[in-house]
């Protein structure tokens with residue numbers, strides 16, 4: 001580790017691996033605060049399907065969980081779009097603020113690109129919308145969009161679930177993002193001394209936990225959450241309702257699929273999401289697996305703040 005740099009803790013891992021609980025325990029023991037790095041939990045009103053932690057007081061302006069302040073969570077309207085470049089700018093401000101308070105920030109979430117733009121591993125350029133390209137794409141039929149998406153980014157296209165593959169807006173976004181990502185600066189050295197941790201988990205048990213959690217989400221009123229969003233004026237055209245699980249529920253409400261199909265599609269989408277996260281995690285060669293917060297603290301003691 002480079003002692004001239006400020007320290008940053010990253011807790012990354014697949015969905016349902018226990019990141020939230022580990023980060024809360026660690027934050028309490030270290031007396032620090034948490035920066036959310038989950039691209040789904042940034043949205044307001046999307047609570048059950050994003051596994052967003054429950055705040056201590058829903059009326060408070062601050063998002064506190066067990067007394068721990070969280071940043072960049074539950075702040076964006078589902079009608080709004082938000083990209084990694086914007087997230088990186090905001091997360092770095094929070095990191096600097098916590099460093100000024102002599103705290104080691106905890107960046108916790110499963111969105112790898114959000115992690116990388118925050119640590120400085122990836123330097124993104126502002127997204128510039130090519131209006132001519134968008135106009136051209138908006139004129140294409142679904143099948144033509146699918147062909148173009150495969151051509152520009154076949155790997156990412158194949159990672160889409162069936163709902164997204166049949167969603168013109170999702171395909172257009174994939175095409176635009178791929179073309180814009182050509183401006184991305186290659187991976188660089190982090191701006192901080194970063195400690196990467198992942199909750200220790202058994203892969204077979206992880207799959208079971210993922211599927212159990214999906215069922216629990218539906219039992220907790222996930223469908224009703226979406227119905228309430230629709231009654232409040234949100235639609236399937238809004239970015240927040242295009243994310244994993246919510247898009248499938250909209251198909252169910254439109255009677256395109258049955259309840260059983262909805263649950264199975266959602267389980268599959270979550271398993272695929274975990275697989276992509278595990279693939280991304282391979283980039284973090286120095287990541288350590290931790291059973292609990294005490295293990296992390298013992299490691300940090302070897303690298304004083």
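Even glycines carry a Cβ here, placed using N, Cα and C.
Taken from TrEMBL, the feature ATP binding site covers 13, 14, 15, 16, 17, 18, 19, 20. Within 10 Å of the C-beta of residue 15 (ATP binding site) we count 21 further C-beta atoms, all protein chains included.
Classification of residue 16 (ATP binding site) by DSSP places it in coil, neither helical nor stranded. The feature substrate binding site is assigned by TrEMBL to 15, 16, 17, 18, 19, 20.
Per-residue pLDDT, averaged across the region 'Interaction with substrate tRNA' (38-41), gives 98. Taken from TrEMBL, the feature region 'Interaction with substrate tRNA' applies to 38-41.
Positions annotated as site 'Interaction with substrate tRNA' by TrEMBL: 111 (among others). Counting Cβ atoms from all protein chains shown, residue 111 (site 'Interaction with substrate tRNA') has 21 others lying within 10 Å of its own Cβ.
Summarising the annotation, TrEMBL assigns site 'Interaction with substrate tRNA' to 134 (among others). Taking a C-beta cut-off of under 8 angstroms and a sequence separation of 6 or more, residue 134 (site 'Interaction with substrate tRNA') has the following same-chain neighbours: 172, 176.
Same-chain residues that are not part of 15, 16, 17, 18, 19, 20 yet have a Cβ within 8 Å of the Cβ center of the substrate site turn out to be 13, 14, 21, 51, 110, 199. Compute the center of the Cβ atoms of 13, 14, 15, 16, 17, 18, 19, 20, which mark the site for ATP; besides them, the chain residues with Cβ within 8 Å of that center are 110, 199, 201.
The Cβ neighbour count for residue 20 (ATP binding site), using a 10 Å radius over every protein chain in view, is 22. Between residue 14 (ATP binding site) and residue 111 (site 'Interaction with substrate tRNA'), the C-alpha separation comes to 9 Å.
Fewest other C-beta atoms within 10 Å: among the binding-site residues 13, 14, 18, that description fits 18. Listed in sequence order, the binding-site residues near residue 111 (site 'Interaction with substrate tRNA') (C-alpha within 10 Å of its C-alpha) are 13, out of 13, 16, 17, 18, 19, 20.
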